[in-house]
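Read the structure below first, then the notes.
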Amino acid sequence: MAGPPKKRQRREDKQEGELPQKKYYRQRAHANPFSDHDLTYPSSPSEMDWSKHYPSFIATSDESTTTTETSHPKTTKQVTIADIGCGFGGLLFALAPRFPQDLILGLEIRTSVTEFVQDKIAALRKQAQLTSTTDSTPTLTNEGDATAPPSYQNISCLRANTMKFLPNFFPRSSLRKIFLCFPDPHFKARKHKARIVSTTLNSEYAYVLRPGGKIYTITDVEDLHNWMVEHLAAHESFERVGEEEVEGDVCVEVMRKETEEGKKVERNGGRKFVAVFRRLEDPPWPGEKEG
Amino acid sequence: MWPQNFVIGSGKQGYSLRAPTQPNGKDEDNEDSGRPAKKQKTNNAPSKPANVIKLAVSPGKRHVVAVTDDKSIHVFEQYHGKLTQLSQRAMPKRPCAIQITPDDTTILVGDKFGDVYSLPLLPTEEGDVAAGAPKETPQTETQFKPSATNLTVHSKRNRDALAAQMQQKNFTPRKEALKFEHKLLLGHVSMLTDMKYAKCEKDVQSRGYIITADRDEHIRISRGPPQAYIIEGFCLGHTEFVSKICQVGDSNLLVSGGGDPWLGVWEWWPEPKLRRKFNLPDKTKPAGQPLAISGIWSGRVNTGSGEEDIVVIACEKVKALLLLDQAALEQDGPGICVDLAQNPIDVAFDGDALLISTDSRQASEHQRLQSLRLSKKDSELRAEVNASPPALKMLNDYTSDPENGLADKELDTLLYGVVDLRKRRDQETQEAEQGGENGAAADTDD
Ligand SMILES: C[S@@+](CC[C@H](N)C(=O)[O-])C[C@H]1O[C@@H](n2cnc3c(N)ncnc32)[C@H](O)[C@@H]1O
């Protein structure tokens with residue numbers, strides 16, 4: 001859905017590499033996760049063309065990661081970190097330099113918010129290219145060199161309703177981290193099925209996460225925190241990560257400080273509740289032995 | 001009027017249930033808001049019996065389970081063709097698929113809202129009391145919500161989690177808290193359309209799976225209970241809703257169909273893989289309305305040249321059936337199309353014949369049920385009209401009570417709802433114009 005013409009015009013009135021402004025991308029705060037939005041999504045993960053999202057990671061024909069009959073270019077890496085309901089993308093921009101080896105994807109249901117993140121990524125990539133004096137290769141990535149200035153080639157964002165279409169994007173066990181930062185609380189009991197964490201939905205997170213992978217949750221709403229903890233703990237594929245490990249995790253720090261919501265809560269002096277869960281190995285089938 | 005569902009018991013002891021005949025249940029208020037589909041509320045006046053919308057027979061043939069459109073699940077005991085109702089349980093949402101597990105102990109129920117529950121076929125008092133049946137104080141009823149009863153009793157970790165939850169203040173009261181023994185096994189956020197329990201032999205062990213389909217083009221393969229929280233894979237490739245799925249015999253083939261002009265033939269096990277897209281022949285496509293697969297059935301038939309699994313497919317409001325044999329499922333065989341005089345409503349395998357119930361409004365009373373004999377000649381599948389077997393004649397001669405009959409329109413909603421699953425791709429534009437259900441609250445600050 002395109003924004004109103006005026007806003008759209010203003011968005012386009014900027015220099016190459018100039019960062020987009022949020023005020024031209026605002027949208028009503030909630031989208032109904034149950035309705036049939038005019039979404040585009042691949043019918044299966046193998047149909048997904050990641051090359052548009054991560055053009056620096058396009059594989060030459062002999063290093064393709066997948067061998068399917070599909071026609072789009074392949075990438076050398078798979079997406080391994082997902083930020084679900086990424087909003088204006090603060091977390092993505094902070095994660096980009098910290099996990100240069102990972103492809104990181106933000107998923108957001110609101111069209112113009114998604115467009116903001118996409119435009120900002122494009123601008124940051126452009127800036128990085130313009131300032132990279134040492135190497136003139138336009139598709140420079142900082143792969144393997146964590147101290148290089150971020151190129152933002154490893155982050156992207158797309159519009160999706162993750163409550164319905166996560167398995168369309170990600171194959172089984174492909175992710176190592178999922179972030180659920182400041183999800184919409186849906187306070188009313190009859191809206192609880194709209195919550196991004198539920199025992200049944202957790203099975204889908206478990207499906208796309210690899211064993212040992214983690215789900216990170218943060219919220220300023222204590223009830224929602226309790227709800228997420230309760231429902232993840234009740235799911236046999238997850239175990240809660242201990243406090244020491246949580247506090248030592250760089251992702252937790254980033255999540256607290258770099259998400260837009262995290263910053264808002266900070267300004268208002270609010271509390272932030274964090275919980276991290278680890279994806280366990282699937283148990284053997286009933287009556288069958290391990291391995 | 002003829003029921004939209006019917007089942008055949010073993011061998012000669014065939015029987016049928018007709019709708020509407022079931023005891024009336026309470027029509028509990030449901031909260032359908034926020035869902036895309038049109039409400040199909042049948043506001044039953046107190047005197048009007050509920051309609052049977054699903055029927056299943058237990059593998060041991062002793063029990064019949066009927067779902068009525070007041071969201072109730074009725075269990076009957078079958079003895080020499082006589083049915084006695086043993087229990088009636090009201091589900092929170094309208095069931096859209098039921099099956100009894102092969103061990104004859106458990107009913108699996110999928111509902112429109114995407115959830116799959118398990119209930120004991122024969123409820124026990126202890127189980128029901130534990131679930132908050134009337135012996136308990138009303139307060140615990142609301143605390144013990146389905147999402148918390150789920151999957152929780154197998155490990156210490158989960159018991160602790162549940163205990164913690166029970167102590168918590170009750171911030172999620174649920175009007176529809178079920179007061180009988182049940183477990184929430186799995187759920188889709190999308191509207192569930194079909195569900196099948198399937199078995200598969202792995203070495204000497206046999207593994208049970210739950211296969212579910214939804215309006216958002218997914219076919220999901222989960223482990224069977226008690227590990228239904230583990231998703232093993234998806235059969236993905238449909239680009240329109242999936243309305244029906246069917247395991248071919250006890251093989252690793254699954255046939256799926258819905259709004260796409262093709263059927264998916266999948267190897268759903270061990271790794272989900274599309275084996276064939278079977279393009280629907282024009283004869284099976286409707287003329288006046290969009291395509292919607294309304295039924296897929298599979299049965300083992302002796303065709304005269306050995307036993308073979310045959311798959312039968314019906315499209316909504318198309319007066320024909322498509323029949324697929326092994327050659328069509330496993331190689332590139334064309335299958336055959338059989339013309340009918342009326343729309344097929346349901347199909348059952350009866351020995352080597354197909355029993356077909358049709359929309360009797362379209363023809364003389366005597367053709368409500370029809371039988372087709374299946375055979376093979378020169379390895380080609382054939383279906384010939386079976387001159388009315390005696391049992392069929394008896395059923396066809398049965399006239400329904402006009403008092404209990406439904407108006408044409410009501411019956412249409414009951415019989416031909418699949419096409420409504422098709423998405424209206426322009427919905428978002430409308431929603432944006434109306435400000436959506438959550439109002440037009442914009443981001444405040446950033
Ligand atoms: C309160 S914001 C938090 C944004 C960001 N994670 C942060 O911490 O600043 C929640 C976001 O989740 C998005 N969202 C809600 N439901 C979603 C769904 N089903 N799929 C994708 N995004 C969703 C909303 O549009 C909103 O932008």
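Note: Cβ is positioned from N, Cα and C throughout, glycine not excepted.
A 10 Å cutoff on Cβ-Cβ distances gives A:ASP184 (active site) a total of 19 other Cβ atoms nearby, all chains included. The DSSP secondary structure for A:ASP184 (active site) is coil. Residues or ranges marked as active site in TrEMBL: A:ASP184.
Listed in sequence order, the residues of the same chain lying 6 or more apart from A:THR162 (S-adenosyl-L-methionine binding site) and placing their CB within less than 8 Å of its CB are A:ILE84, A:GLY85, A:LEU107, A:ILE109, A:ILE196. What TrEMBL records for A:GLY85, A:GLU108, A:ILE109, A:ASN161, A:THR162, A:CYS181, A:THR259, A:GLU260, A:GLU261 is S-adenosyl-L-methionine binding site.
Residue counts of the compositional bias 'Basic and acidic residues' (A:10-21) by helix, strand and coil are 3 helix, 0 strand, 9 coil (DSSP-based). Here TrEMBL flags A:10-21 as compositional bias 'Basic and acidic residues'.
Taken from TrEMBL, the feature region 'Disordered' covers A:1-46.
As a summary of secondary structure, the region 'Disordered' (A:1-46) carries 13 helix, 1 strand, 32 coil according to DSSP.
Around A:GLU261 (S-adenosyl-L-methionine binding site), the same-chain residues six or more apart in sequence whose CB sits under 8 Å from its CB are A:GLY87, A:CYS181, A:PHE182, A:ASP220, listed in sequence order. Residues A:GLY85, A:GLU108, A:ILE109, A:ASN161, A:THR162, A:CYS181, A:THR259, A:GLU260, A:GLU261 are listed as the S-adenosyl-L-methionine binders, and the farthest two of them sit 20 Å apart at their Cα atoms. Note: the Cα of A:THR259 (S-adenosyl-L-methionine binding site) and the Cα of A:ASP184 (active site) are spaced 14 Å from each other. Around A:THR259 (S-adenosyl-L-methionine binding site), taking its Cβ as the centre, 26 other Cβ atoms fall within 10 Å, counting all chains. If you draw a 10 Å sphere around the CB of A:ILE109 (S-adenosyl-L-methionine binding site), it holds 23 other CB atoms from the protein chains shown. There are 22 other CB atoms within 10 A of the CB of A:GLY85 (S-adenosyl-L-methionine binding site), with all protein chains counted.
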